[in-house]
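Asks: According to TrEMBL:
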type: DOMAIN; residues: 1-20; note: domain 'C2H2-type'
type: DOMAIN; residues: 21-48; note: domain 'C2H2-type'
type: DOMAIN; residues: 49-76; note: domain 'C2H2-type'
type: DOMAIN; residues: 77-104; note: domain 'C2H2-type'
Amino acid sequence: AFSQRGNLKTHMRTHTGDKPYQCTQCNKTFSDNSALKYHMTIHTGERLYKCDQCGKAFPKSSSLKNHKKTHTGEKTHQCNQCNRTFSDNSALKKHMRIHTGERAYKCSHCIKAFTHK
């Protein structure tokens, strides 16, 4: 259930593919305004969230939260195949390609495909 009418409307765009928000810098389109706002930080270089340990700055609070795990050594995401642990879910997903054999990165000049960029 969606608590606000706008949440359902935004969710429905994932099914329709509607992307009404467009970047004025590069014309890339987005299904919701928050995604466009985050994207704009690429062009502006804006980084509001700063690590108090090393000074590195990030455009999103979630990126800073993940970064802080590099200082603490916290690894909360575990592979269910080999028990290796990772600090964030994206690293675990990338690792899982080893087990699944998924080759998400395809060469545009030949038929070769790779697990990593």
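Even glycines carry a Cβ here, placed using N, Cα and C.
The model shown is predicted, which means the values in this text are computed figures rather than measured ones.
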Asks: Same-chain Cβ contacts of the domain 'C2H2-type' (77-104) under 8 Å, 6 or more residues past its ends?
Replies: 66, 69-70, 113-116
Asks: Taking only the residues in the domain 'C2H2-type' (1-20), give me the average pLDDT of this model.
Replies: 77
